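Take a look at the structure set out below.
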Amino acid sequence: MSNAVVGFFVSLNSNLDEEVSIPKLHVTEGENVFGRDSIVLKDKRLSRRHISLTASSNGSAELLVEGTNPVVVTSGDVRKKLYSREKVKIRHGDVIELIPGHHYFKYVALGGDGDPNEKGSAERNDSRKRLRQIADDEALARRLQDEAELEGCNHEQERSFTMGRQRDSKSMEDNTVEAIRSFRVPREKLPLTFRLMKVQGLPAWANASSVSIGDVIEGDVQVAVLSNYMVDIDWLVSACPKLLKIPHVLVIHGESDGAFDNMKRKKPANWIFHKPPLPISFGTHHSKAMLLIYPRGVRVVVHTANLIHVDWNNKSQGLWMQDFPWKEKNDPPKRSLFQNDLVDYLSALKWPEFTANLQATGNTKINPSFFNMFDYESAAVRLIGSVPGYHTGANMKKWGHMKLRTVLQECKFPKKFQKSPLVYQFSSLGSLDEKWMTELASSMSSGVSEDQVPLGIGEPQIVWPSVEDVRTSIEGYAAGNAIPSPLKNVEKPFLKKYWAKWKASHTGHNHAMPHIKTFARYKGQELAWFLLTSANLSKAAWGALQKSNSQLMIRSYEINAQLAHMCLTIFSSKSFQLGVLFLPSRINSQSHGSAFSCTAVGTSSKESPRSVEATGPVSTKLVTLSWPGVENEDPSSEEVIRLPVPYELPPQPYSPEDVPWSWERRYAKKDVLGQVWPRQVQLYVSPDS
């Protein structure tokens with residue numbers, strides 16, 4: 001057999017650029033074996049004989065998975081997962097992930113660009129180059145300098161809640177350039193804000209302080225409750241193998257019967273599936289949350305991503321989480337607003353009760369009432385849930401936009417927010433009318449200023465990707481699968497005055513299409529309140545008033561995170577939302593954040609904000625990453641909380657040339673991957689499936 005070199009196996013970083021620290025590996029004619037030792041990667045998931053490439057003299061090759069873990073091969077825009085002993089033909093330019101999402105390598109055949117059998121290879125290479133240029137977002141010239149700046153951030157991060165670099169207010173422009181770079185949050189302050197999820201194909205600075213699923217589901221989890229709409233088991237267990245070791249996993253989903261049948265065939269033995277009942281037709285379970293039970297407490301997570309590959313890797317998404325300790329046995333009985341609303345929402349899901357042997361309590365029934373056993377006194381958020389049904393009386397104020405209205409009505413805001421605008425940002429547009437838009441704006445405009453004057457109705461702006469945004473995104477037109485809206489909904493004339501651009505240069509997410517959903521009231525770069533949610537802009541998600549405003553009808557299950565710090569008046573309220581409502585209210589500093597962690601080594605299981613000495617009441621100010629002020633100059637009187645709002649405020653209105661995206665139109669202009677629309681692809685599914 002000839003030992004002639006016919007190509008190379010080239011290491012890539014997460015941006016798909018060559019990783020020069022790892023030398024190119026020769027591919028010779030015949031069989032070539034690559035694994036943990038030959039590539040010099042210290043990852044025990046890699047087998048010593050992980051894959052083999054059998055190459056021919058013309059550079060074509062066949063890949064065989066030799067190890068026990070799956071391998072992903074991306075050829076053009078087709079991504080395929082291979083399991084042990086499966087084979088696939090590979091060609092020049094194909095990208096191999098030795099572990100899905102990790103250890104990228106490209107197969108480079110000698111003379112591959114000129115191979116006559118490789119029709120369209122030049123076009124593919126040009127597309128990849130364009131894709132990288134877009135994803136880098138003109139940051140290459142600044143990267144080395146800013147990475148050096150970040151090296152010195154660690155000490156400052158430990159001293160204070162920096163939430164962004166200390167900015168000179170002389171220039172707004174100076175503060176908006178790549179602002180996400182300096183978003184650094186100490187662990188004890190994480191519940192006061194949310195984080196964006198990591199996006200493949202973006203430059204490293206755009207993923208600053210972002211999270212992946214492995215950052216969330218970690219440690220000694222004994223029971224996991226995963227609430228979502230879409231669930232791809234193959235991807236989920238490959239992205240988070242820990243789920244196979246957790247003794248009890250309850251998956252609450254909204255999948256169709258056909259998809260559910262497929263899930264059942266792949267169900268691990270320790271998993272339970274549950275689809276909540278729907279009292280109203282055409283509804284669904286859409287909430288995206290996790291409850292992780294540990295020996296030390298419970299982790300509550302609210303996020304915006306389906307449990308599928310594209311949502312956790314290719315979209316702009318958001319995630320909030322906080323850990324809570326077990327209640328002390330001798331503590332007097334008490335119920336917080338967070339606890340009430342969490343248990344109320346879980347009770348509506350009607351999941352099947354099961355028993356788990358927990359380290360803290362022994363054999364324990366896991367049902368909604370079980371979650372009364374944790375101490376939520378330190379909760380930094382309010383919960384806003386939506387439950388399908390016809391809600392009347394006191395229940396009408398427990399769910400949907402009436403829940404948000406009730407909470408905001410009990411809060412005071414600075415006078416600057418009188419008549420200030422609202423922003424609605426989401427990924428699916430329902431069938432709307434002007435009457436309902438006024439109804440929703442009334443709820444979102446609730447609250448009074450410090451002199452008890454109502455804030456007044458704010459003018460909404462709808463941040464929605466244009467056709468050009470989708471075409472030039474890192475996924476091209478394929479991203480439009482996850483921005484579903486028919487023409488009849490998008491082209492309603494009254495919506496034209498609301499359209500605003502998806503522009504996210506300061507976070508590097510211009511080309512990562514949004515699946516995140518956010519609603520807010522703002523003035524400049526300051527926020528009266530901010531909502532991170534699974535709810536799109538629809539009557540089904542938020543509810544619609546009926547019968548002379550005496551009844552609220554909701555079709556969908558939703559559980560939302562309203563990012564806002566609790567003001568003192570809320571503590572006596574009987575309403576509740578999921579999120580953090582940051583208000584410039586006078587609150588005790590001991591309520592700021594939580595030192596308790598279910599997973600951090602070296603912290604006491606009894607450690608909680610109650611054990612932190614209060615330094616007196618302070619005011620809070622909720623701002624975006626582009627706020628030009630200098631934060632926390634006097635932490636004894638005011639604390640500035642930065643939220644990584646991914647798009648720019650104020651949003652720019654559509655120009656006459658901008659066309660709102662609808663997946664029902666035809667688009668002949670090729671996207672960054674050389675494709676047109678529509679494409680013959682499955683609707684919004686994981687490319688791993």
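Cβ coordinates are placed from backbone N, Cα and C, and glycine is handled just like the others.
Here the structure is a predicted model, which means the values were calculated and not measured.
Residues or ranges marked as active site, nucleophile in TrEMBL: H286. Per TrEMBL, substrate binding site is recorded for K288, K517. Among the features that TrEMBL reports, domain 'FHA' is placed at 33-98. Residues or ranges marked as region 'Disordered' by TrEMBL: 147-173.
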Residues that sit under 8 angstroms from K517 (substrate binding site) by C-beta distance, when 6+ apart in the chain: T304, Q425, F426, S427, L532, T533, S534, A535, N536
Surrounding CB atoms that lie within 10 Å of the CB of H286 (active site, nucleophile), all protein chains: 24
Secondary structure tally of the domain 'FHA' (33-98) (DSSP, helix then strand then coil): 4 helix, 30 strand, 32 coil
K288 (substrate binding site): tally of other CB atoms within 10 A of its CB: 27
Mean of pLDDT values spanning the domain 'FHA' (33-98): 89
